[in-house]
Amino acid sequence: MSMDFSPLLTVLEGDFNKDNTSSATEIDTLENLDDTRQISKGKPPRHLTSSATRLQLAANADVDVCNLVMKSLDDKSEFLPVYRSGSCAEQGAKQFMEDEHICIDDLVNHLGAAIQCSSLGAFYGVFDGHGGTDAAHFVRKNILRFIVEDSSFPLCVKKAIKSAFLKADYEFADDSSLDISSGTTALTAFIFGRRLIIANAGDCRAVLGRRGRAIELSKDHKPNCTAEKVRIEKLGGVVYDGYLNGQLSVARAIGDWHMKGPKGSACPLSPEPELQETDLSEDDEFLIMGCDGLWDVMSSQCAVTIARKELMIHNDPERCSRELVREALKRNTCDNLTVIVVCFSPDPPQRIEIRMQSRVRRSISAEGLNLLKGVLDGYP
């Protein structure tokens with residue numbers, strides 16, 4: 001049976017997650033980030049990427065409706081994101097550069113005849129390597145191919161992404177030309193029309209800028225995080241001084257096969273990503289993806305405040321990514337730095353007005369409070 005998926009329809013797996021919502025409690029939570037940032041090991045130089053395009057989801061595929069959940073996006077909304085990305089990577093204080101990243105604003109042109117969907121969207125990734133460059137380079141080169149070649153793609157994108165992370169881990173181990181003791185975290189963003197799917201394994205982070213608010217779309221997989229520590233100890237691992245088995249500062253990674261058992265066996269160091277999906281709206285202005293070299297020295301809200309201020313001035317995501325890197329270096333980050341900024345509109349963010357309720361008693365909106373917190377976080 002042939003079906004047409006317009007921008008107002010999307011194909012999902014059954015485990016749909018609702019969009020993030022913000023509250024005063026959430027704002028406080030985002031500001032009280034985990035201060036225990038472990039420094040990864042050592043880091044061959046990088047490049048900048050910047051391009052722009054407008055895309056819209058319209059895919060034809062033979063589907064078994066029993067295996068799909070079709071969710072209508074907001075029928076009243078005519079919003080379609082315009083993908084404009086920029087990136088910046090710097091070696092920083094490290095001896096070597098081990099980060100890799102990828103920015104693809106137009107998947108159709110990039111993949112060509114390799115896929116039968118007439119129009120997909122965009123794909124971005126940040127890969128923070130450690131113990132050498134082999135793992136990060138391998139994942140950057142292959143992860144998108146593993147996703148689109150998976151039998152679940154494009155009908156069950158989340159399943160395909162999870163499978164691709166595991167396949168990348170196994171295929172890396174099988175490549176005799178590579179140092180399989182090297183490893184990498186992996187953070188990817190896959191966009192179909194207005195549907196954004198974030199996958200993360202490690203301590204890179206994706207943050208959505210929503211009218212000045214920072215909405216975290218990924219969790220930092222640190223060994224001393226409660227959920228990760230429980231999982232690690234259940235599988236026979238230990239967390240010592242914030243390090244997995246006293247060796248690694250992340251709880252999830254691709255590679256590092258010197259710390260893993262036979263293929264298919266449960267292991268404290270997991271390559272499995274956590275996924276978060278959301279439907280983009282007019283309020284969603286940009287996405288920041290960065291390695292821990294950025295987040296070690298600034299909060300998510302601070303990064304959003306800086307990015308928004310820069311975009312209001314020049315509306316250039318590449319310059320914006322460079323400014324975030326510059327600010328992190330200014331704050332003496334000890335790690336490699338990689339930042340991607342993806343804008344969802346051709347226009348710059350609009351100024352947010354803070355309205356006072358009265359002369360006697362004044363209040364500030366949640367959006368204004370977020371902006372103020374970002375400024376107080378140390379950005380002039």
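Using N, Cα and C of the backbone, Cβ positions are placed for all residues, glycine too.
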Site-mate of Asp128, Asp292 for Mn(2+) 2 in Swiss-Prot, selected among Asp169, Asp174, Asp175, Asp335: Asp335
Alpha-carbon distance [Asp292 (Mn(2+) 2 binding site); Gly129 (Mn(2+) 1 binding site)] in Å: 11
